[in-house]
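Chemist: Supplied in C-alpha cells, the structure appears directly below.
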Amino acid sequence: MKANIVLLPGDGIGPEVVSAAVQVLEAVGQHYDHKFVFTEYLIGGSAIDKTGNPLPEETLQACRSADAVLLGAVGGPKWDDPRASVRPEQGLLGLRKGLGVFANLRPVRVHPALIEASPIKSDRLLGVDLIVVRELTGGLYFGQPKKRDWVDGQQRAVDTLEYTENEIERIVDLAFRLARQRRRKVSSVDKANVLESSRLWREVANRVAQRYPDVTLEHVLVDTAAMRLVSVPQSFDVIVTENMFGDILTDEAAVLAGSMGMLPSASLNGQYGGLYEPIHGSAPDIAGQGIANPIGTILSAAMLLRYSLGLEQEARAIEKAVDQAITEGARTRDLGGSLTTTAMTQAIIERLD
Ligand SMILES: NC(=O)c1ccc[n+]([C@@H]2O[C@H](COP(=O)([O-])OP(=O)(O)OC[C@H]3O[C@@H](n4cnc5c(N)ncnc54)[C@H](O)[C@@H]3O)[C@@H](O)[C@H]2O)c1
Ligand SMILES: CC(C)[C@H](C(=O)O)[C@@H](O)C(=O)O
Ligand SMILES: [Mg+2]
C-alpha cells in the first residue's frame, strides 16, 4: 500500500526519536512492500523560531490531509519565558484540537526483563498490561474562560474544567469498546468527591456501562488511582479519564515500564488520519546527545500502522522486534544500558521478521 505520513519532529530529542521511527517504518515498508511517503513540517519551538507561529497553517492543513501524523515532542527552556505570548505547547494543543483527536490511547506494558530498570523493582510489575484512555480535546486544557485579569489590585489566573455529556460519552464508550477486546474491566478515574465535572463524568459513565453488561465498571478517585498504579498496577485493565488526570497518571505509569522513553500513544477520532507521539517531552537535559530512548516513538509508529493504515501484522512485527531486542539485553542509558539512539534502533530493525 501507499501512505502519506506527515512528520512533525519538533524540538529537543523530537527529531532524534522521529528519525529512529522513520528508519523502522522504512525497514517495514521494504519487508512488506509498502510505500510510505514522509513529508516533514514545522511545529512547536522550531516553528516559532522560523515563522513566529507554533502551528503554521501549512502544518495543520498537511496533517488534515495526511493518512497519519507522527510527532516527536515540542518545547524546551529556550521558549519557557513565562511572559512570552506564544509557546511551543500551544502548537501541540492546537494540532490535537484542530484534528479533533479526542481519544488518546496510552498503552502501558511492563517487559519482564525491565522490572530491574524500574525503581519499583518488584514482582507486582509482572504482567502489567493496561491502557489509559485519556480524553484529549476537553477539560482543563481547553475550558473557557482561561485568562489573566486583575482583582482587588492583584493578578488572578483562571482555568476552567469543563465537559459536556457528549464529550464524556464518546470517550467512555470508546473505553468500553476497547475493554471488550481485553480483560473487560473499565476503571473510570475522576475526582467526584470535589468536582462537578467529575460528578457528571460518573453519571455518564454509569449510563454507558448499561450498554456493556459484560464489562465491569469501577469508579476510582484520581488520588487513589495514583496510589494503586504503583501499588497494585495489575488491578487495572482500561483506565478512562479526563485530560489532565490522564496526562499525570501516564507519566507515573511510565515509571512502571522502566522509563519515560518507553510509552507510545495514538490520538484518534475516526475522521482524520490519527496523531501518533511518544508520551514524553523534548527532554532538554539529554537533547542533542544521541542517547534518547526511541522505543516510545517506534511503538507509536506501530500504533500508526495498526490504527491508521490497518497493517496489524506489520504493527505486531515492530512490537515483537522491540520485545526481542529488550529480551536480548538492548538498553539505552535511561534503562541502565549504554546504547545510543541509533544503536537501539538498529537492534530493533535487525530483529524485524
Ligand atoms: N508531547 C510533547 O511534545 C511533550 C510532552 C511532555 C512535555 N513536553 C515539553 O517538553 C519539555 C521538557 O519537559 P520535561 O522535562 O518536564 O519532560 P520530559 O518528558 O521531556 O523529560 C522528563 C525526563 O524524562 C527523560 N526522558 C524523556 N524522554 C526520554 C527518552 N525518550 N529517552 C530517555 N529519557 C527520556 C528526560 O531526560 C527527563 O529526565 C517541556 O517544554 C514540556 O512542555 C512536551
Ligand atoms: C506538552 C504538553 C502540552 C502535553 C500534555 O500535557 O498533553 C504532554 O505533557 C503530553 O503528555 O503529551
Ligand atoms: Mg504529559
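From the backbone N, Cα and C atoms, a Cβ is placed for every residue, glycine too.
The domain 'Isopropylmalate dehydrogenase-like' annotation in TrEMBL covers 4-348. Annotation source TrEMBL lists NAD(+) binding site at 76-89, 281-293. Taken from TrEMBL, the feature substrate binding site covers R96, R106, R134, D223. Residues or ranges marked as site 'Important for catalysis' by TrEMBL: Y141, K191. Annotated Mg(2+) binding site per TrEMBL: D223, D247, D251, in sequence order.
Help me picture these features in the structure, burial and contacts included.
Modeler: In the three-state DSSP scheme, G76 (NAD(+) binding site) falls into the coil class.
Counting every protein chain shown, the Cβ of D223 (substrate binding site) has 12 other Cβ atoms within 10 Å. Annotation note: D223 (substrate binding site) sits in a helical segment as assigned by DSSP.
Counting only same-chain residues at least 6 apart in sequence, those with a Cβ under 8 Å from the Cβ of Y141 (site 'Important for catalysis') are L93, N243, M244.
Counting every protein chain shown, the number of other Cβ atoms lying within 10 Å of the Cβ of K191 (site 'Important for catalysis') is 18.
In three-state terms derived from DSSP, D251 (Mg(2+) binding site) belongs to a helical segment.
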Chemist: Return one of helix, strand or coil for R134 (substrate binding site), based on DSSP.
Modeler: strand
Chemist: Do me a favour and check the Cα-Cα span between R106 (substrate binding site) and D247 (Mg(2+) binding site); whole Å is fine.
Modeler: 10
Chemist: Across all chains shown, how many C-beta atoms besides its own are within 10 angstroms of the C-beta of R134 (substrate binding site)?
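Modeler: 28, counting other Cβ atoms within 10 Å of R134 (substrate binding site).
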Chemist: Quick one: pull the CA-CA distance for D80 (NAD(+) binding site) versus D223 (substrate binding site), whole Å only.
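Modeler: About 29 Å separate the Cα atoms of these two residues.
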Chemist: With respect to ligand 1, which members of the binding-site residues G76, R134, D247, A283 satisfy a Cβ distance under 6 angstroms to one of its atoms?
Modeler: G76, A283
Chemist: Using an 8 Å cut-off from the Cβ centroid of D223, D247, D251, can you name the remaining same-chain residues around the Mg(2+) site, in sequence order?
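Modeler: Along the chain, the qualifying residues are V222, A226, M244, F245, G246, I248, L249, T250, E252.
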Chemist: In the structure shown, which of the binding-site residues R96, R106 has the fewest other Cβ atoms within 10 Å?
Modeler: R96
